[in-house]
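Annotation source TrEMBL lists ATP binding site at Gly72, Glu73, Ser74, Gly75, Ala76, Gly77, Lys78, Thr79. Look at TrEMBL and you will find 1-693 tagged as domain 'Myosin motor'. Residues or ranges marked as region 'Actin-binding' in TrEMBL: 556-578. If you look up TrEMBL, you'll see 916-935 marked as region 'Disordered'.
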Amino acid sequence: MYTSIGAVLIAVNPYKILAKGPRKRPIYDELVAWYYMEQNRLGLAPHVFKVSADAYADMKRTGEDQCILISGESGAGKTETAKHVMSFVTIVSPQREEERKPYETRTGNAASTVKTQLLNSSPLLEAFGNAKTTRNDNSSRFGKYMELQFDLAGVVIGGRVTNFLLEKSRVISQAADERCFHVFYHLCTGGIDEIPESREFFVAQNFKYLSYEHRTISRVDDRAERKALLDSMTSLGLSADEQSSVLYILGGILSLGNVEFQETAGGFNHAAEVDPASWPQLEYAASLFQVPPEALAQALTSHLVRSGGRASVTRKQLDPRRSESNRDTLAKETYKRLFDWIVHRLNRTIDSKNAGGNASGYEVDASTGSLSLGLLDIYGFEIFEMNGFEQFCINYCNEKLQQYFISLTLRAEQAEYLSEGIGWVQVEYFDNKPVCDLVEAKPKGILNVLDETCMFQNASKAKFASAVQRVAPHPHLVLDRIHGDSAFTVRHYAGDVVYQYEGFVEKNLDSLFLDLVETLAESGMPLMRDLFDDQRTEKEKAKRPPSVSTQFKRQVTELMATLEKCQPHYIRCIKPNAAKRSNFTDPELMLHQVKYLGLTENVKVRRAGFCHRVTFERFLRRYAPICEVVWPLTNISAENCERLLTSGRPRQWPGGPPLDPIKLARDRDYVIGRTKVFIRDPQTLFTLEAQRAAVIPCVASVVNRIVKVFLAMNRLYKFRVAVTKLNAHVRKFVQRKKYERDPMRGLDYHARQALRLNLAAVRLASILRRKVAQKRLVQKRETVYLETMQMLRTGAVSVTKHIPGKPPFSKPHTSDKKLTFTADERSLSWPSGKAGRSDKIIALGDISHVELGFRATPLFSTTAAVVGAPNAATNSKFCVLFVGKNGKFKEEPLEFPNEWIRDRVLRAMHRRRREQFPDRGASASERFCPSLGLQ
């Protein structure tokens, strides 16, 4: 049964399975889940699936982590509500590609998908962490924060469980008409499969820790629950050896509780020993723990006292009372460590943030990250006839959650009205911050003085009572004469609770002697060794371990830090009656819960305030299509919001239904704030939603048409571009083929004329450039020729005679004879020394070919060339090389008037030589004068 106050869902426990319709269909099936997921939820009836759909949709839309806070007293239905939320998420979450494959081809854990593992985690945690109380048949005796993990597409990829403050004292004792943890009764229905005789031994009536009776729960079959537990463990990846080890440890805890102690013979120092009548129980417990019974008995009846580090060690005997306390401490600590191992093992299977991913093969991508939806299912506020340390911690946690609820609902909502500039009369509510400070503040908080008391070796109840009295006076702490030094009263938000001092000190310390830890750490069972494997150093072992209250306060602080990072959604569970009967309500009990949960103040704020508030942008983008004045939407402003609500001009869409005009009065029906629109009456919101739903098909049709036109135009444009390019390539290909066959044939008349003119112009330009170059070359040659002849006439160039057959220039000498010119001045005559004969040479015949003025071929067969002299004293010494027809040659020294003429002549000679005779190899000058280096 559900109702709501704004976004806060009120869930009343019906104590039966709800169904509706002629077929009595359950209201939590898959069809209902999809109905709430796909419909507009503003006008839908309150339901746990509605809150779940809001949280899931907000997570996908905003990309922010969400959390659902489920609160209420014990028996109000918090655990079942959390299971419905998990069921909804597994229904609406999309399937991964791996889950669509056949069962045999899946990778990862072959047992099941991650959704099935998340659902199977509930039976496992309930069996080990829940128990029957006077107020609830399936009461959670631990706090649980289940973090469901999603990828960015909203697909479930894993989960993680964080547990808080297990009520381990329930292992050794329970109140009347209450049970121990469910798993012990599951064990007693079938024993341990590996030990056939255990089926007769493991009967609840045989164990002290189960009050020597099998207390049942109506409509609950422990055998069926045992089978569901084993199936759940198998689905979550626990091997057969691990399951057997868990059952062995549970059986060992029950057998340990039957061990009794007595004083030793002679009664020396009241030393204790195991009662011989219960020695078989000790042996059976030791065999299940797989430790020697003598070592276990010694660790239970004595402990080592170390002084000066570990240098001095003595064994101190315990009396029977302290031995029993030691036994109970071992049973509680063993079960607590086993429960922590179960949670750790569960997280190793389903947590996708593990290194390498979870057992189903899903791993969070570090580059993109993941999203989460948290479910807080924690024990409700408890008020019993006898309230101790556990109830104090539980109620402290509820105070912190109530403070968080107040700060995010009542206080934040009223602060929002003031920040938006809306006139507001402050609504008074119960602020429980002073209560939280009374419990946790330093240095005078109750938990702080409890830790200070426990620091002393002789800490006791009386010293703690004295320390609490120093905390007074405090408006929420009552120390009256009726209870005296036996109890104190705290005024919580849910009412006054009387706490007995008895047990606070012992339960806060709850330390296990190191002897027991070392004994069980040497067990032959791998799981037992893991539970008691102490990784601390010797220095850390010598320190006092943190108290239970310190650890719990740290866990609560971490929980609140986690919740502050998420966007919250609230479910407040109400218990209709204390008799756990369906179709029956207790008005006084329900009114009490409504008051202390802060729902009365929440209703006052909602009635005095506004049922719906939304930013200008979201308001206009959602409702603009129903108003002609603001459609099409051009700008986001407060004026457009007001015109939409007051114009009374609805937009009539083609083919759409006629809309009623909306004309609202400002300050009575709505208020425009600085950034948001506030609507007071829910009926106004329903009207807006109804008109929007009526025009959405028309808007969708218009948008569909526009999109189709845009896509068609885009395709047409791309098609035109492609056709144009294709035509160009085809034309180019065709013309190229025609041109290859006949350059002129493939062209029309104008193209042929243009091509002929182009070719004629190119030829004419080439002829003109050649004529101009030839003319310039002739002019240059004539100029150089005239200059050279002038120098030769004036005797500027002199020749030195060289003796034939000797190395060049080895003995040069000067000749008195001078060069003489022929009549045509194109050849030089050099007297050979023989009468009547002179060698006709072309003095500069080769030079004529290198731009020294001579254009004709040499006139005579004998040729001459200017070469360098490698052994000359200076670079100005050169010679004329005369080469005959027979290949013989002779050299005559040659001097130039200046270095400019020398360099010009030599470079021209070498360049011309290489141009005319590229295949002849090195010239004579290069063979005989390689050191010249002329290029």
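Quick reminder: no glycine exception, Cβ is built from N, Cα and C everywhere.
All chains included, 20 other C-beta atoms sit within 10 angstroms of the C-beta of Thr79 (ATP binding site). Assigned with DSSP, the residues of the region 'Actin-binding' (556-578) fall into helix, strand and coil as follows: 9 helix, 8 strand, 6 coil. Look at the Cβ of each of the binding-site residues Gly72, Glu73, Gly77, Lys78 and count the other Cβ atoms within 10 Å; the largest number goes with Lys78.
A C-beta separation below 8 Å, combined with a sequence spacing of at least six in one chain, links Ser74 (ATP binding site) to Thr133, Arg135, Asn136, Ser139, Tyr379, Gly380, Phe381, Glu382, Lys575. The binding-site residues considered are Gly75, Ala76; of these, Gly75 has the fewest other C-beta atoms within 10 angstroms of its C-beta. Note: the ATP site is recorded as Gly72, Glu73, Ser74, Gly75, Ala76, Gly77, Lys78, Thr79; in the same chain, Asn13, Asn136, Ser139, Gly380, Cys573, Lys575 also have Cβ atoms within 8 Å of that site's Cβ centroid.
Summarised as a single figure, the pLDDT of the domain 'Myosin motor' (1-693) averages 83.
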